[in-house]
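Working notes, structure below.
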Amino acid sequence: MSLIKDAIRQANISNQDTVLDIGAGKGFLTVHLLKIANNVVAIENDTALVEHLRKLFSDARNVQVVGCDFRNFAVPKFPFKVVSNIPYGITSDIFKILMFESLGNFLGGSIVLQLEPTQKLFSRKLYNPYTVFYHTFFDLKLVYEVGPESFFPPPTVKSALLNIKRKQLFFDFKFKAKYLAFISCLLEKPDLSVKTALKSIFRKSQVRSISEKFGLNLNAQIVCLSPSQWVNCFLEMLEVVPEKFHPS
């Protein structure tokens, strides 16, 4: 019960919000969300559970039950939040849908997920281009670890409560695909130094200028760049590198 309360509190839900409960199960989260949010969308792929949810919330005017795999769900084209104990097996897909594909509308929320992929989000060295992307546009916080005894039936793995808050956008999100391509290009060879990696896009003099302008350690591995340094390098590329040389 405390986990549910913490997840909802961390998400800062208001009576104006639309909230998605991904993998709603038996509705343990949904039943609390409907008391606070303007609209709750309970998404569940299990046919029997979908039937259970529809009966349970048949009289709730602000709850919509959708029976489908979240990967096939039509994500709202307007601002929304997520409070969910997500299906662990599709964590990566859920993150991409929320924090990349729905960048313009996903405001954040609270997600209970497996501990291991959560910890990878906070590695000192970021090898995954999507992880860099997520940190660029969202404040991610591991609130606490969650033991198996908090669930029924208890899972065989440890879990975590992750809080997500949208940051101010650094640039128009129409550039999101180009930004991801930029990160992916420079992380193709993650053992390269910042200097060597940047030279695949920038001229030598530009690399030196970028280093001085943004305080980059050119001898560090490219995977050690912070999200803000990634953004600065990308914006510099948009300004000084002809578009025909941009990664795609």
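Any Cβ shown, glycine's included, is placed from N, Cα and C.
Annotation source TrEMBL lists S-adenosyl-L-methionine binding site at Met1, Gly23, Glu44, Asp69, Asn85. In the structure as shown, the Cβ atom of Asp69 (S-adenosyl-L-methionine binding site) sits within 10 Å of 13 other Cβ atoms.
The annotation domain 'Ribosomal RNA adenine methylase transferase N-terminal' is assigned in TrEMBL to 3-168.
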Glu44 (S-adenosyl-L-methionine binding site) falls, by three-state DSSP, under strand
